[in-house]
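Notes for the one structure printed next.
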Amino acid sequence: MSKFSFLFFCLIITVVSFGGIVNGHGGSKVGIYELKRGDFTVKLTNFGARIMSVVLPDRNGKPADVVLGYDSIKEYLNDTSSFGAIVGRVANRIGGAQFTLNGIHYKLDANDGNNTLHGGRLGFNKVTWNVKKHVKYGPTPFIVLSYDSFDGEEGFPGNLSVTVTYALLHPYKLGVIMKAKALNKATPVNLAAHSYWNLGGHNSGDILSDEVQFFASRYTVVDSHLIPTGKIAPVKGTPFDFLKHHKVGSRITELSATLGYDLNYALDGYEKKDNKVMKLAAMVYSNKTGIGMKISTSAPGMQFYTANHVKNVKGKGGYVYQPHSAYCFETQGFPDAVNHPNFPSTIVNPGQVYTHFLLHEFVTKI
Ligand SMILES: *[C@@H]1O[C@H](CO)[C@@H](O)[C@H](O)[C@H]1NC(C)=O
Ligand SMILES: *[C@@H]1O[C@H](CO)[C@@H](O)[C@H](O)[C@H]1NC(C)=O
Ligand SMILES: *[C@@H]1O[C@H](CO)[C@@H](O)[C@H](O)[C@H]1NC(C)=O
Ligand SMILES: *[C@@H]1O[C@H](CO)[C@@H](O)[C@H](O)[C@H]1NC(C)=O
């Protein structure tokens, strides 16, 4: 299956690089779509359901683009960092690229050493989504993208019908709703929005002087391959403690093994069973622009990643992105949950619908 998928991916690249019209699994053309509400603009592509830019005024009223990305679709086809994408079927890592569910052993595509990362080589970030509905202007501009994931795709069981909705809400709010319905087999599902934020502006250099605060007293402990050991430990006394706001760079040099932050926070209150309740997850502020962002989610966890492996990546306007040029707040289920019964379950049974709400609220401080 993954061989077929890889060929298909090559075909997409070939078609695009010859400047033709691209058709994905679903038949939608790969394109660029905009959502616009006054001076708040979000640009997306249905290739990987990706956010390409988020533009809003800084403290001086000057437009700032606060996510990393590329100017053209062609460059997105080459991307290895999941810039702005929806990642899945299972975001983050699955140890040993395998799991057992209802007595059946599943082998996945190992694309990160011996592990699976972000759904495999041809995850949801690398497929073409259907554009179901697009309303560019109005009080609530929105776009609905869908993807029909098939039984055996990258090794995962069962057909899965996925939709993501991006919507602009007043004023300077960006909502994301991720949904997935298992059609015929039980399967793990863990979708995450993988934007690389830099509230100082995508071309403003590193984010080390920006302030973050996380509403998470614990994190999931990992081994040297970033696979969870199963332990959920307090952040107290570690460089992971952002219960009070601190500069991102205040203790980052202590994390030399991972070249920066790359861990999953267990958000406070995650044990509550109601998966529709929104929790405040993070607050971020850049004094370069005066732009702040508040993130709330219905997901139990949040991977915090400081773009440690982004190196010499030529992005928008030819600006070259380097390590620590962005932060990702990937709200999601816990990594490798399918192999850890003590983690909140990510299993969706046939007929059930997985739902993940994510809200970004922006403010500008004078
Ligand atoms: C994609 O990557 C290849 C190999 O690194 C490079 O030669 C090519 O120019 C890239 N294409 C684009 C559009 O960036
Ligand atoms: C993958 O697993 C094999 C066998 O256990 C081991 O020899 C190898 O070092 C592992 N590779 C990585 C990148 O961890
Ligand atoms: C699953 O998807 C395949 C196409 O990928 C389709 O032929 C089949 O009818 C689907 N089955 C169900 C139960 O949705
Ligand atoms: C924040 O930025 C403002 C305006 O550029 C500047 O006057 C102020 O000194 C900065 N504050 C800090 C703590 O860097």
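Cβ from N, Cα, C; glycine included.
Here TrEMBL flags 1-19 as signal peptide.
If you take the C-beta of HIS194 (beta-D-galactose binding site) and look for same-chain residues 6 or more apart in sequence within under 8 angstroms, you find SER82, PHE83, GLY84, ALA85, ILE86, VAL87, ALA91, HIS118, ASN125, CYS328, GLU330. The beta-D-galactose binding site annotation in TrEMBL covers ASN92, ARG93, HIS194, SER195, TYR196, ASP262.
The DSSP secondary structure for HIS194 (beta-D-galactose binding site) is strand. If you look up TrEMBL, you'll see HIS194 marked as active site, proton donor.
Here TrEMBL flags GLU330 as active site, proton acceptor. Take the CB of GLU330 (active site, proton acceptor) and look out to 10 A: across all protein chains shown you find 25 other CB atoms.
The Cβ of SER195 (beta-D-galactose binding site) lies under 8 Å from the Cβ of ILE51, VAL54, VAL67, PHE83, GLY84, CYS328, each of these being in the same chain and 6 or more residues away along the sequence.
DSSP assigns GLU330 (active site, proton acceptor) to a strand. Counted within 10 Å of its Cβ, the other Cβ atoms near TYR196 (beta-D-galactose binding site) come to 26, all protein chains included.
Listed in sequence order, LEU117, HIS118, ASN190, ALA192, ASN264, GLN303, GLU330, GLN332, PRO335, ASP336 are the same-chain residues at least 6 apart in sequence whose CB falls under 8 Å from the CB of ASN92 (beta-D-galactose binding site). Annotation for ASP262 (beta-D-galactose binding site): spatial neighbours LEU226, GLN303, PHE304, TYR305, THR306, ASN308, criterion Cβ-Cβ under 8 Å with sequence separation of six or more. The Cβ of ARG93 (beta-D-galactose binding site) lies under 8 Å from the Cβ of ASP112, ASN115, THR116, LEU117, HIS225, LEU226, ILE227, PRO335, ASP336, each of these being in the same chain and 6 or more residues away along the sequence. As a whole number, the greatest separation of Cα atoms within the beta-D-galactose-binding residue list ASN92, ARG93, HIS194, SER195, TYR196, ASP262 is 18 Å.
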